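Notes follow once the structure below has been shown.
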Amino acid sequence: MPNVNDILILLPEIYLVVAACVLLLLDAFLKPAQKGVIHWLSIIVLVVAAWLVYDGQPAQTVTAFSGMFVRDGVAEILKVFSLLVAAVIFVYARPYLRDRSIPMGEFYTLTIFASVGIMFLVSAGSLVTVYLGLELLTLSSYALVALNRDSGLSSEAAIKYFVLGALASGSLLYGMSMVYGATHSLDLAAIHAAVAGTEWPQLLTFGLIFMIVGIGFKLGAAPFHMWIPDVYQGAPTAVTIFIGSAQKLAAFGMAYRLLATGMGSVGAVGGSEVLVHQWQIMIAVLAVLSLAIGNLVAIVQTNLKRLLAYSTISHMGYLLIGLVNATPEGYSASMFYAISYALTSAAAFGVILVLARSGFECEEIDDLKGLNQRSPWFAFLMLLVMFSLAGVPPLFGFFGKLLVLQAAISAGMLWLAIVGAVAAIIGLYYYLRVVKVMYFDQPVEGTDVRAQSDLPMRWVLSINALALLVLGFTWGPLFAWCQKAFG
């Protein structure tokens with residue numbers, strides 16, 4: 001039976017669910033001229049939820065509902081940043097949704113429900129909680145991708161996302177069933193104890209393989225990346241920004257819970273020692289493939305959203321390098337990288353949104369030609385974003401790459417660090433190509449790319465992009481927070 005403490009531990013999640021339902025009712029009953037209030041209420045709801053998660057006190061590991069839900073430092077950090085990123089996305093999305101007559105109420109409500117899914121996913125203490133959080137996140141995301149009913153690309157992207165997502169969820173669930181069959185438990189901590197205390201059951205290897213297929217799909221790592229380019233291009237950009245930022249924090253949290261908490265880390269004993277070695281090899285293969293495919297295919301892209309899609313695949317390779325280490329140092333670096341990428345990705349798509357307007361999407365790289373002549377401030381912000389994605393010092397993204405590569409070297413995986421460094425050099429080409437187009441090419445005749453006049457959007461985007469520069473000089477406290485979470 002749940003008690004008061006269980007309810008208090010889940011208070012942020014309960015609050016968000018209730019708030020989402022209230023916002024949905026308001027959207028149904030308010031007149032069109034009054035619906036602007038839902039925008040600001042949605043942002044306030046997310047900021048308050050982030051405050052409820054981070055109450056200023058050191059995060060202590062506590063569980064609720066018989067260990068199914070865990071609140072610890074890892075969950076706290078991932079929840080706070082995913083909620084704040086979602087709030088920033090709401091600021092960016094309003095002009096875009098308004099100009100294209102995309103239902104705002106449904107967008108805000110579905111995104112909040114998806115955020116609740118993220119919160120359950122990163123706090124999962126059981127295979128059941130992992131699956132429930134994942135399904136809440138993905139089902140909301142399918143609807144978000146299809147939200148632009150007037151776009152054939154949006155509908156096509158939603159169908160592809162749904163079909164491939166269903167296959168990945170089925171693979172994950174099948175793997176979980178094998179793990180349950182081998183350990184007779186759904187609790188992640190109990191699974192770890194059961195594996196460590198016995199000889200290695202071969203059934204667990206098959207379960208692990210199927211679970212890593214699901215993890216790879218949710219991260220968008222190669223060779224399970226097929227959905228990423230089409231969904232990024234076809235979905236409304238206001239939805240793409242959520243999939244490309246906040247969802248990556250959730251995917252990291254899911255990978256950490258299933259692999260590190262459930263299967264074990266370096267130093268494990270018994271059957272866990274074998275399993276850790278096996279999942280390290282599998283994740284290393286995904287990391288190398290993601291770095292290679294993501295960077296090489298991105299070079300030939302002419303569509304900006306598809307370029308960022310393949311860029312995402314390569315960035316997931318770096319995130320996986322931290323996981324491969326299977327040590328607290330590697331996990332800290334990987335989570336730091338996920339945060340830096342989420343903030344940078346939000347800024348990248350934010351620039352695309354601020355330049356888009358009714359009848360013009362600003363999705364081709366050529367659309368940015370001569371941007372410095374027309375909107376020099378936003379050309380500068382896009383330059384910061386591209387340099388951060390490329391890992392150019394002293395931008396925030398540089399230190400994310402540096403930390404995961406250092407973690408790989410300290411774990412004795414010099415070859416993986418070399419692969420990551422070479423991939424970063426290759427990636428410089430297509431990021432600098434965007435900068436070259438903005439600063440050195442002449443504008444295309446008939447294309448008038450100018451920034452939106454929405455003042456809150458311009459201010460928040462400026463803060464978001466400049467934060468990548470500021471955090472490049474003050475990244476230490478954030479990394480220390482990540483290290484503390486993994487103890």
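Any Cβ shown, glycine's included, is placed from N, Cα and C.
Note that the coordinates shown come from a computational prediction; the quantities given were computed from them, not determined experimentally.
Look at TrEMBL and you will find 124-426 tagged as domain 'NADH:quinone oxidoreductase/Mrp antiporter transmembrane'.
Residues or ranges marked as transmembrane segment in TrEMBL: 6-30 (among others).
Proximity of distant same-chain residues to the transmembrane segment (37-54), defined by a Cβ-Cβ separation under 8 Å and at least 6 residues beyond the stretch ends, is recorded for 11-12, 15-16, 19-20, 23, 26-27, 30, 76, 79-80, 83-84, 86-87, 90-91, 94, 104-105, 108, 111-112, 115, 119. Residues annotated as transmembrane segment in TrEMBL: 37-54 (among others).
TrEMBL lists 74-93 (among others) with the feature transmembrane segment.
A Cβ distance under 8 Å defines the sequence-distant neighbours of the transmembrane segment (159-180), meaning residues of its chain 6+ beyond its ends; these are 127, 130-131, 134-135, 138, 141-142, 145, 186, 191, 203-204, 206-215, 217-218, 224, 226-227, 230-231, 234, 262. Here TrEMBL flags 159-180 (among others) as transmembrane segment.
The annotation transmembrane segment is assigned in TrEMBL to 200-217 (among others). Long-range Cβ contacts of the transmembrane segment (200-217) within its own chain (Cβ-Cβ under 8 Å, at least 6 residues beyond either end) map to 164-165, 167-169, 171-179, 181-183, 223-224, 227, 251, 254-255, 258-259, 263, 270-271, 274-275, 278-279, 282-283, 286.
Within the chain carrying the transmembrane segment (279-300), a Cβ under 8 angstroms from the stretch's Cβ atoms is held by residues 208-209, 212, 216, 221-225, 259, 263, 307, 310-318, 320-321, 323-324, 326, 413, 416, 419-420, 423, 426-427, 429-430, all 6 or more beyond its ends. The transmembrane segment annotation in TrEMBL covers 279-300 (among others).
Per TrEMBL, the feature transmembrane segment maps to 307-324 (among others).
Packing against the transmembrane segment (336-356) from elsewhere in the chain are residues 77-78, 81-82, 85, 88-89, 92-93, 95-96, 99, 237-238, 240-241, 244-246, 248-249, 252, 304-305, 308, 312, 315, 318-319, 322, 362-363, 367-368, 371, 375, 378, 381-382, 384-386, 388-389, 396-397, 399-401, 403-404, 449-452, 454, 457-458, 460-461, 464-465, 467-468, 471, 475, 478-479, 482: each is 6 or more residues past its ends and has a CB under 8 Å from a CB in it. What TrEMBL records for 336-356 (among others) is transmembrane segment.
If you look up TrEMBL, you'll see 377-399 (among others) marked as transmembrane segment.
Cβ atoms under 8 Å from those of the transmembrane segment (405-432) belong to residues 266, 284, 287-288, 291-292, 295-296, 298-299, 301, 307, 311, 314, 317-318, 321-322, 324-327, 329-330, 332-334, 386-387, 389-392 of the same chain, restricted to positions at least 6 beyond its ends. For 405-432 (among others), the entry in TrEMBL reads transmembrane segment.
Residues or ranges marked as transmembrane segment in TrEMBL: 459-481 (among others). Sequence-distant contacts of the transmembrane segment (459-481) (same chain, at least 6 residues past either end, Cβ-Cβ under 8 Å): 73, 77, 88, 91-92, 332-333, 336, 339-340, 343-344, 346-347, 350-351, 354, 377-378, 381-382, 384-385, 388, 393-399, 403.
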Can you work out which residues elsewhere in the same chain, 6+ from the ends of the transmembrane segment (74-93), have a Cβ less than 8 Å from its Cβ atoms?
12, 39, 42-43, 46-47, 49-50, 53-54, 59, 107-108, 111-112, 115, 118-119, 122-123, 238, 241-242, 245-246, 249-250, 252-253, 256, 335, 338-339, 342-343, 346, 349-350, 353-354, 456-457, 460-461, 464, 481-482, 485-486
